[in-house]
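Colleague: Dropping the structure in here first, questions after.
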Amino acid sequence: MAAISREEVAHLARLSRLAVTEEELDRFAGQLDVILQSVARVGEVAAEDIPPTSHSVPLTNVYRDDVPQPSLTQDAALSGAPDAYEGRFRVPRILDEEE
Amino acid sequence: MSDLTRKTAVELRALLDAKEVSAVEVATAHLDRIAAVDGQVHAFLHVDREGALAAAKRVDAGEITGPLAGVPIAVKDVVTTKGIPTTAASKILEGWKPPYDATIVERLKKAGMPILGKTNMDEFAMGSSTEYSAYGPTNNPWDLGRIPGGSGGGSAAALAAYEAPLAIGTDTGGSIRQPGAVTGTVGAKPTYGGTSRYGLIAFSSSLDTPGPCARTVEDTALLHAAIAGHDPRDSTSIAQPVPDVVAAARLGLRGDLTGVKLGIVKEFTGEGSEPGVLAAFKESLEALVKLGAEVVEVSCPNFQYALPAYYLIAPSECSSNLARFDGVRYGLRAGDDGDRSLEEVMSLTREAGFGPEVKRRIIIGTYALSSGYYDAYYGQAQKVRTLITRDFEAAFEKVDVLVSPTTPFVAFPFGSRTSDPYQMYLADLFTIPTNLYGGPAISVPCGLSEGLPVGFQIMAPTMADDRMYRVAGALESAIGTFTPPAL
């Protein structure tokens, strides 16, 4: 049985904000199925009582002194923007016309 | 003085100290070499001739001194360099000039090291061959029809082609060590947290580790010492002194390993590895025994789950990290016709800007993190990570270091593993356990199989990077270095 269907891949691509093509969906569905069936082997390990490791360095929170420091200038921060307007990032519309 | 490109960093410093050459001459020799051979190798995505020469002039003027001052370096394109294009080999960052330097780049500049340029890689460091670079692959100087490893194939190939004496790589699942192995060069992944991730374009934040690449163990150690150490701008950076890797490498080069215990992992059976790789590994092990080392077999029963765990954890983290590429603040924006919504533009931008492997991993990560699958995939992989760490800790109670081949196969021909992505993942079989554990590991050339280099991997406990350098130095003293055919 396939671990993942073409429809699921399409749904995940939407969640991931990837406008994948039909051709990519066909290709990825098969490839992702092979990958997911291989990685599903982690399920073979009896690990119920084992704590998870998110990170190899045993740290919780790292704080620094709350001292103002120089940061990027506005020009530098906007230097890579695909579209800037009056010192701000210009974005496409975020609401539908009717909203 | 074109033979300057054949010198090690140590030799170049000696020539500079003796005032036999200038830093400008050294930089020029390497820039000329790049101009002459990079058309064949394609190790570089960007060459910064002016910047490199300006840095060299400052060294010649006596403004900067130090153990690597005037020694040029190549930097993997996933590391930000202020004002110098940084793309992570992705179309989504084409032409981007970062407004800041990574901490390790700041340290290179303070050390007086001219930055020759930015090296090719698999897009966002996802891959084992550089075939996933959006700008075309790098060719292995040993055989231009074969892969140079990945993701840091450009940095490794630049060393093997004598375009640079030193290079920076990043290692998330083997991206420094595997390219080192297949190009006959040295590559070290420091302890996670031992080198700063600030300014590294994030792929998998709990695994990403920048590190040094060179043609000799001593050069690698010198570069390691130059970039390592605590950085307050990286909250996972370890606030402890850096182990003395240079002294350890030099100690090892004296060729005495009396009392050192090398562990071989029972579960690394060699199944799926090429016979020539196993033969070179075995011969190297015998050479180390002759230097006084003792070989002990240890069991690490959970290593067999490292590859599956990694290919859940890394894509999960990448799916989150790469959300920043949204076509708003920097990089590509596609499909913005004034009518489409932000969400549509974002989806079209990411579709146009990311290559196939990046898309696959984002989708897998999104899957593994989604409700209903989280516990079975990501959660379970994190538990396996704990078990792998325990395997390492138990092994290091019995032995000083673990050793293995770096990668199961020598440089493979282009196109031979791209149709089945999982076949590509197998290149990382031996390198991945260390990343999940967080300890350091190094790959050292140890022989040839059918004329192509084989790498020997040494894995050490967390913050015991010096141990692996000692063994690496000893191996180099016994086996020597390897020179590819002339280009």
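Every residue, even glycine, has its Cβ placed from backbone N, Cα and C.
What TrEMBL says about a protein is an automatic prediction, not a curated fact.
So TrEMBL has the following annotated:
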DOMAIN    B:25-467  domain 'Amidase'
ACT_SITE  B:K76  active site, charge relay system
ACT_SITE  B:S151  active site, charge relay system
ACT_SITE  B:S175  active site, acyl-ester intermediate
Colleague: State the Cα to Cα distance, in Å, between B:S151 (active site, charge relay system) and B:S175 (active site, acyl-ester intermediate), rounded to an integer.
Modeller: 5
Colleague: Round to a whole number and give the Cα-to-Cα distance in Å for the pair the residue listed as 'active site, acyl-ester intermediate' and B:K76 (active site, charge relay system).
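Modeller: Cα to Cα, the residue listed as 'active site, acyl-ester intermediate' and B:K76 (active site, charge relay system) are separated by 11 Å.
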Colleague: Mean pLDDT for the domain 'Amidase' (B:25-467), rounded to an integer?
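Modeller: A mean pLDDT of 97 is what the model gives the domain 'Amidase' (B:25-467).
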Colleague: Please classify the secondary structure at B:S151 (active site, charge relay system) using three-state DSSP.
Modeller: coil
Colleague: Compile a sequence-ordered list of residues in the same chain as B:K76 (active site, charge relay system), six or more apart from it, whose Cβ lies below 8 A from its Cβ; state 'none' when nothing qualifies.
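Modeller: Once residues fewer than 6 apart are set aside, B:K76 (active site, charge relay system) is near B:K118, B:T119, B:M121, B:G152, B:G154, B:S155, B:A167, B:I168, B:G169, B:T170.
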Colleague: When DSSP states are folded down to helix, strand and coil, where does B:K76 (active site, charge relay system) land?
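Modeller: Where B:K76 (active site, charge relay system) sits, the three-state DSSP reduction gives strand.
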